[in-house]
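Quick look at what TrEMBL lists:
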- 64-74: compositional bias 'Basic residues' (COMPBIAS)
- 86-529: domain 'Major facilitator superfamily (MFS) profile' (DOMAIN)
- 41-74: region 'Disordered' (REGION)
- 540-560: region 'Disordered' (REGION)
- 80-99: transmembrane segment (TRANSMEM)
- 134-154: transmembrane segment (TRANSMEM)
- 166-188: transmembrane segment (TRANSMEM)
- 194-215: transmembrane segment (TRANSMEM)
- 227-245: transmembrane segment (TRANSMEM)
- 257-278: transmembrane segment (TRANSMEM)
- 343-364: transmembrane segment (TRANSMEM)
- 379-401: transmembrane segment (TRANSMEM)
- 408-430: transmembrane segment (TRANSMEM)
- 436-463: transmembrane segment (TRANSMEM)
- 475-498: transmembrane segment (TRANSMEM)
- 504-525: transmembrane segment (TRANSMEM)
Amino acid sequence: MTGNGGKPTVPVSCSDKTDCRISCWVPAPLWTLPPAQRCPGTARGQRSMDSRAWAHTGAAEHGRTRRGTPGRRTRKDWSCSLIVASLVGAFGSSFLYGYNLSVVNAPTRYIKSFYNESWERRHGHPIDPDTLTLLWSVTVSIFAIGGLVGTLMVKLIGKVLGRKYTLLVNNGFAISAALLMACSLQAGAFEMLIVGRFIMGVDGGIALSALPMYLNEISPKEIRGSLGQVTAIFICIGVFAGQVLGLPELLGKESTWPYLFGVIVVPALVQLVSLPFLPESPHYLLFEKHDQAGAKKAFQTFLGKEDVSREMEEVLIESRVQRNIQLVSVLELLRSPSVRWQVITVVVTMACYQLCGLNAIWFYTNSIFGKAGIPPEKIPYITLSTGGIETLAAIFSGLVIERLGRRPLLMGGFGLMALFFGILTITLTLQDHAPGIPYLSIICILAIIASFCSGPGGIPFILTGEFFQQSQRPAAFIIAGTVNWLSNFAVGLLFPFIQKSLDTYCFLVFAAICLAGAVYFYFVLPETKNRTHAEISQAFAKRNKTHPPDNTDPGTPEPR
């Protein structure tokens, strides 16, 4: 509704039922008007309305709760629908990504034996060792290739189906991949396992782009970081679940290893039957479907309250600015000077996320535990401690991210990783000189994992959603996902050669990467905690040497 010369207005009802019982249409935002213009009631009614207007609009706009404490979360921020959406979305998406990272480790020798038997049955002679190594390398690395393909598909699928239905359709990839891999042994076709890994990679590529976008767009900015960390927490839980189910007492046996891949069906089915009962992203409904009523209803469901006028106002302001703007292509985003440093920061963050050396840690874990005197049959159980540390560190990050912010957790995480990689290099070099040194290596391994999961393990996905406008976000996630999966593939391809050339000194390469990342974030990355997109763009404006897009209406106060 419009009034006052065509300016946008919002209905406000005074709370003082004795002195003022009328509803007034006033220009928004409310705090830009003198009290006398807000309500024609008595002074008492004006004071009551004035305080309520600020509590619902002004204080929240400046990142404060109703008590006035910056960045403090309240229980009202966490509605039941918001919690269910994040848990169900992550269980059917990022959990499966983490699970598929670790599930191939336990049955490695059984899968190689299956490859050899299938080859001998077809060709009449055992498989050549080099060919077996190649097939196994393809089985592991094709997951990353599938992830890259899935990332490139997200923009097209997301534009047509939206965030929620993209996640729902993605379950089709997970279920078909699970059936292929689980039936490969019975069918005697190792190609089914390789194709299933590729399809599962496609599922992971779509999930790691669509899920962070969905969570970013349904969450209030006061808890956006904590909700975004759900993605990382479920990746860690997935890794841990893969380690547990891979134990010999469970599914890590020669007769049952196909069921390790069949389990993938369960999270996919849970998401498939649960997510339809939750709303679509209100940002998608408003920006791309122009469904204002649907967006309002979605906000009310996710926020657990009837009055969502502030949230609708913020989105409508951005909608008016981008009314005639189409979805930005990847090439247009790369060429845009107003987001140049945001793109560079996302590329650096995602590259450091994969190249920081955590995959190398998994390569050395068993040998280090063995040299520490742990019996070989006990090593799989001790390895569970790494998955447990991962999960606990990710949960810790989710609890503190809205207090400490993204920047300190990223810098601190990569800085500590660089430190412990340096110490680990020393302990591995000297581990035969004293009996206690291998135990120091174990401590360093656990410390590196905890440092990674306390910040760098989840924040890159959050930053990608926070840096960009609605029209730019799909292209930004394509860029982030492409860097993520290409870096993942590069590590898998190059690490054996690095390790062979440098031996234990290979960790110094990862220490240098982590240190370089921490220094970059110190000088370039602004804090995004509890800030709107306009405020984040303003923080980058000086470095980009451009003025950020005007996301405010006339009369709206400058962001603080």
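Keep in mind that glycine also has a Cβ here, set from the backbone N, Cα and C atoms.
Against the transmembrane segment (504-525), stretch 408-430 has more CB pairs under 8 A than any other of 134-154, 194-215, 408-430. The stretches the transmembrane segment (227-245) and the transmembrane segment (80-99) meet in space: the count of Cβ pairs below 8 angstroms, excluding pairs fewer than 6 apart in sequence, reaches at least three. Stretch with the most C-beta contacts under 8 angstroms to the transmembrane segment (80-99), considering only 166-188, 194-215, 257-278, 343-364, 436-463: 257-278. When Cβ-Cβ distances under 8 Å to the transmembrane segment (134-154) are tallied for each of 166-188, 343-364, 379-401, 475-498, the top count falls to 475-498.
The transmembrane segment (379-401) shares the most Cβ pairs under 8 Å with 436-463, out of the stretches 343-364, 436-463, 475-498. Panel annotation: around the transmembrane segment (194-215), residues 85-86, 89-90, 92-94, 96-97, 100, 104, 135, 138-140, 142-154, 157-158, 163-164, 166-167, 170, 173-174, 176-181, 184, 227-228, 230-231, 261, 264, 281, 461-462, 464-465, 473-474, 477-478, 480-481, 484-485 of the same chain, lying at least six beyond its termini, place a Cβ under 8 Å from a Cβ of the stretch. Among the listed stretches 166-188, 257-278, 436-463, 475-498, the one sharing the most Cβ pairs under 8 Å with the transmembrane segment (343-364) is 475-498. Same-chain residues lying 6 or more positions outside the transmembrane segment (257-278) and placing a CB less than 8 Å from one of its CB atoms are 81, 84-85, 88-89, 91-93, 95-96, 99-100, 103, 106-107, 110-111, 164, 167-168, 171, 174-175, 177-179, 181-186, 193, 196, 200, 242, 245-246, 251, 301.
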